[in-house]
Amino acid sequence: MQRSPVEDANCLSRYFFWWTNPIMRKGFKEKLRPSDVYQAPSQDAADILAERLEKEWDREVASGKKKPSLLRAMARCYIKPFLLFGFLLYIGEATKTVQPQLLGRIIASFDPAHEPERANGYFLAFGLGLLFTARFLLLQPAMFGLHHLGMQIRIALFSIIYKKTLKLSSRVLDKISTGQLVSLMSANLGKFDQSLGMAHFIWISPLQCILCTGLIWELIDVNSFCALAAISLLGVLQAFLSHKMGPYKAQKVLLTNKRLALTSEIMENLHSVKAYGWEEIMETLIKNIRQDEVKLTRKIGSLRYFYSSAYFFSAIFVIVAAVVPHALSRGINLRRIFTTLSYCMVLRMTVTRQLPGSIQMWYDTMRLIWKIEEFLSKEEYKLMEYDLSITELELQDVTASWDEGPGELLERIKQENKANGHHNGDAGLFFTNLYVAPVLKDISLKLKKGEMLAVTGSMGSGKSSLLMTILGELVPSSGKIRHSGRISYSSQTAWIMPGTIRDNILFGLTYDEYRYKSVVKACQLEEDLAALPEKDKTPMAEGGLNLSGGQKARVALARAVYRDADLYLLDAPFTHLDIATEKEIFDKCLCKLMASKTRILVTNKIEHLKRADKILLLHNGESFFYGTFPELQSERPDFSSLLLGLEAYDNISAERRCSILTETLHRVSVDESAGMQPERSAFRQVPPTKPMYIDERKASVIVNPLGVARKASFIQVPEEEVRRTLPDRKFSLVPENELVDESFMGSDVYHNHGVHMAGQRRQSVLAFMTNAQGQGRREHLQSSFRRRLSVVPQSELASELDIYTRRLSDSTYDMTGILEEENIEACLTDEIDEIEETFETTKWNTYVRYVSNNKSLLYVLIFILFIAAIEIAGSVAGIFLITDELWREEHQRSEPNMTKHSNASSSGQTYAITVTPTSSYYILYIYVATSESLLAMGFFRGLPFVHTTITISKKLHQKMLHAVLSAPMSVLNTMKTGRIMNRFTKDMATIDDMLPLLMFDFVQLTVVVVGCILVVSIVRPYIFLAATPLAIIFIVMRKYFLRTGQQLKQLETEARSPIFSHLIMSLKGLWTIRAFERQAYFEALFHKTLNTHTATWFLYLSTLRWFLFRADILFVFFFTLAAWIAVGTNQDKPGEIGIIICLAMLILGTFQWCVATSIAVDGMMRSVDRVFKFIDLPSETPKPDKGKDSDLIIENVDAQADSSWPHRGQIEVRNLTVKYTEAGHAVLKNLSFSAEGRQRVGILGRTGSGKSSLFNALLKLVYTDGEISIDGVNWNKMPLQKWRKAFGVVPQKVFIFTGPLRMNLDPYGCHSDEELWRVAEEVGLKTVIEQFPDKLDFQLEYGGYVLSNGHKQLICLARSILSGARILLLDEPSAHLDPVTIKVLKKTLRQSFSTCTILLSEHKVEPLLECQSFLMMDKGQVKTYDSIQKLLNETSHLKQAISPAERLKLFPRRNSSMRTPQSKLSSVTQTLQEEAEDNIQDTRL
């Protein structure tokens, strides 16, 4: 970016915005790029603004006042410019009260009694033009200054909120949601930019009302209060309508949230939706929700229409209430009438627009400031006291709990009870039932420099919490921790920040080439970096989406190792690595490169325990064992023999190792507890022995397993019962036997902060950071990286995508809190629209197509314009009648009569042109002519317009949804899910809520302005001649501005997204950031993103003001010309002069509003244009021509007639070539094979060999060339939906949508309950479903998070059985399954699918051993297709397809059933093995 010209611009250039001329010219001629945008002015730099406000806030906190005031801190920073701009605004508004006086003097100058003063009319008209000039010369800089000041306040608040976020303690992070934080910084703080311009009207409007009422009193006496009462009544009506809209908005938010949640699930699982052939039912589900949403949208739209129309219809109320009675009682005095009407125009704008807007602005602002004050006052992360002189690590009797809120509350209540004299009674009972369970209890250890401690233990035993305690994230309630303070940390879930791989490893540190290369080599990253197109400078996508899970884990480990620290905390860094890579890193990195460093490694592998200097074994937060491995063998022989005796313990999955370890520790601890009572810390109070509400608690655990608490509990639940109901978790901060009542989910034990709304619960920031809410909610975003990068194989990438994107959508659609989160999607979605091909404004064909979607809208517009033309014609006719009558009566009346009427006035002053009662017939004509432009649209003409546009919105949503669901996956794969969701969220919200009323306002204001110009032009044709060139100039100038303005707005939108992406990214890696002490580095990055956005936003505001400034100049010039022409061509008809000048003043007052509305409508029509682009997406099943229809029917007659097709399931593939995009490279090349009916074919190959691509080709989800036939029927001769329904699919990524379990099994409702229960029993789900409160009608949420991965796979099997599919496709079903569920899966395949053809894709050998034939693939080609016996001899092919670790397991596994158990196994081991065999069908939550 180049330096902004405003920095060197002189005063005139800044005042008239001449400095924007270069960017305006460039934007008009060519497309603007981000590099074309000027830098933000130095005064708007985020660091400067943040430092200034933070200084004042710290001063406020240090003042010692009971409650620090953010408003006072902001006032000390910004009060001077705020008051200065307010003063300019008041002077500019005050000129409006002088304008009617000059209008009255102009009319009075044409009084026959003041004929010598008629020459002053030119000067008075010129003075009126000067007043308008002075007004916009004051208002334009004032409004720009207020908007600029609002921008500065927003930037400063953004910065201090972000800085506070980096300081929040983990306990606080567990009480607030990510959605709340983002909503605070987006939907709320964004209001400062625009709404600050309304702030001063809170005091300007009352003053203006008083002044106008007093001046009207001088004109029409007591009737002035009637005018004020009439307009005030409209203000009360607006307040009532606003109040009525509240409940409707709340209901609409819930429905919108429900629709968007379901839409998000479908869009993120489009692959599965198409594979199952569920497009129609998914479309119906969303359509039903949308129907109810549109009904509420219509009600809200109607209320908004009446609210908006109050301004336009206010003139008629004033006329009826004040002007008409005065005219009927005292005759028509033109000076009084026109002056009064001019004041009433000022008054109606003040009462119906400015004052309500200002009150609403202050109400919203104060609520926002209070929220920010509360947020800034929250508890901060406290740095522990370190001793840099020591080199060892020591923990002494450390006890800690993640949430001591209930304990603190108890202490407070105890103190209050003591103060009140209550020592017993109910309070005592309360205390006996409430206890806090620490996550760590009396942990002691000591490590010398260079030693390695291996921490292992059961699930939820406190391993990660121990590391958090050492980091200082978890503050111990008792005990001491001593270490040097220089710590490096690698989190359990690899965290990748946006940037290059080198940036992620260096993490803001200086580059040391030797150290960097050593770390990369030790972490086994050399080959991966060499395969990347830009090596270690390859940019990472959000969350590292273009890296596999193992690659991300190694990058995160390299970051921790690169930092030179005294203590390294490594939280399960090998979770996603294969055995060979893990062994290399452990040897070369942990044991060699870091040999001189103190290391704490969380692991559950025996090999690591053997080589560690010390071992800490945790169970239920307590130290089960601490010492060396030989001491473990001698002191705990039962435990060590158990683990050492298990066959290939280190070779099974990490989840399974943890499960076995948990069961072992549980059994051993139970055996020990029979002989001795373990000591308990005084921290936990003994709970009551009698269980309370066990049945209710059991149901609660099933319904909401996320309620597993780290906080407190009212009840005692048997440990075995708790273990049975808890889901497996990779990361847990608490022992699994700790439960909590739902009333303790928030920070206040008296209130239920864990509120469920529409079946959802807000996710805390801590849960977001730790991913503690289970893997069931992990939803993966399929981005364009899936098809573009070759480093990560395609089939692996789908299973390795980070949870980051799904968490964004969770926060986006979480409406359980404040309603401001309704607009959160516009901020959270990281998608940036594709670069527009053109930089023109919205094309006219978009408007035409929008209107043509409902012909009723065209008829409504024609009707509106027709009525407006009739009213204009009637008004013009009335003007001629009035002026002719007045001219005739003026010449017929005698001077004495005129004097008589003049003396009849209450003030005794001679007023201009008092009309006799004989003219009362024409009174209505006068008022209709004056207020014609205000009533042009009428009352009932706007309501059909609003309802018709809402109907169009409904149709657009329906068409877009159908188009997306019907589009081929090859097209959808090139789009991010965020981009698709933006169309259904931000764009549809614009089209639903904002566009109808704004378009109506634009049409209405346009008719007002055009009607006024036509009226004055007809009365004085010379005005039309003067207006024509000015109108042409304005149209050209508008087009000139919009070319640049719309591009800058687009760039601003793109620059806004990284702000919130950075916030979300920082929250996810907050512990890593604080462990590395990189807060200042990330604050600098955040300020950089803020400055980038500020540059585009400030430039957009400046160019917009450039246009409005010149538009005002243009129309002030028009007003002055119109006034001079009216005065110069007058033929003793002061009524015409009054009408012309009044309407010209109305044009000036309405025009800028009309211009701003037109710009806003043009911007919103871009949302319509984007929706049309999605509607125009190609379809998978285009409608064929009639001629082709008949041919198709003839060729498919046999297949169509045979309702049992396919009956055998025979598959034949010939010369199949597959591409994911039409222009992409082939991922499968000339593939040919065949499978007989009922045959089981195993598909073997390395990740990326093309296994998943083959399944996609069979389902016609990709571009294909070649032939596939089932039972002799070619796929080109079969309808797409019927072809896909021939397959049953069990994908890697299981699709569980929000809705009843029954619908997830049988979406079309074709099967009875008996059939569903029978199938559930076949697949082993019956016992699971019976535990649900509503059985088959149990509501599944969040992708079925209450179900394990195994249960979801079984649901897919149940779907396949119910669908009657003859061919079953299983894509790596064992990837996330435990051994028990794998056995259930195998048994189901043998029994329920014995008559089906099965294609099983795996990269592991064991699940494939029961297959009859094997298709071995490599690099998209068939290497071998034969039996397992022959493949075992093809060692060269096996080496290419199977990893070394799996190759080691192949031969022992072949004859595992023939081996006898080793005699060394203890009875505990035998019991475990027997349970695994006996309880195959017992799948538990």
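Glycine residues also receive a Cβ, built from the backbone N, Cα and C atoms like all the rest.
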Kindly tell me whether the record in Swiss-Prot places Asn223 on the same side of the membrane as Val324.
yes
Where does Swiss-Prot put N-linked glycosylation site, among Asn546, Asn903?
Asn903
Write down the residue from Asn897, Asn1455 that Swiss-Prot flags as N-linked glycosylation site.
Asn897
What same-chain residues lie close to the transmembrane segment (341-363): Cβ under 8 Å, and 6 or more beyond its ends?
96-97, 99-100, 103, 191, 195-196, 198-202, 204-206, 208-209, 212-213, 215-216, 219, 227-228, 231-232, 234-235, 238-239, 242, 310-311, 314-315, 318, 322-323, 930-931, 1142, 1145-1146, 1149
Near the transmembrane segment (300-320), which same-chain residues lie under 8 Å Cβ to Cβ, leaving out any that are not at least 6 residues past its ends?
227, 230-231, 233-235, 237-238, 241-242, 244-245, 248-249, 252, 341, 344-345, 347-349, 352-353, 927, 930-931, 934-935, 937, 939, 942-943, 946-947, 950, 993, 996-997, 1000-1001, 1004, 1008
Tally Cβ pairs under 8 Å between the transmembrane segment (79-99) and each listed stretch (124-149, 997-1019, 1022-1042, 1104-1124, 1139-1159), then give the stretch with the top tally.
124-149
Tertiary contacts of the transmembrane segment (196-216), as residues 6+ beyond its ends and Cβ separation under 8 Å:
82, 85-86, 89-90, 93-94, 96-97, 100-101, 143, 146-147, 149-150, 153, 223-225, 227-228, 322, 340, 343-344, 346-347, 350-351, 354-355, 357-359, 361-362, 365
Tyr1220 (ATP 2 binding site) has how many other Cβ neighbours within 10 Å of its own Cβ?
21
Ranking 997-1019, 1022-1042, 1104-1124 by Cβ pairs under 8 Å to the transmembrane segment (124-149), which is first?
1104-1124
Would you mind pulling the DSSP three-state label for Ser1252 (ATP 2 binding site)?
helix
Including all protein chains shown, what's the count of other C-beta atoms within 10 A of the C-beta of Ser1252 (ATP 2 binding site)?
26
Excluding near sequence neighbours, so keeping only residues 6 or more apart in the same chain, what lies with its CB under 8 A of Gly1250 (ATP 2 binding site)?
Val1218, Val1227, Leu1228, Leu1231, Met1417, Lys1419, Gly1420, Gln1421
Tell me the coarse DSSP state (helix, strand, coil) of Tyr1220 (ATP 2 binding site).
coil
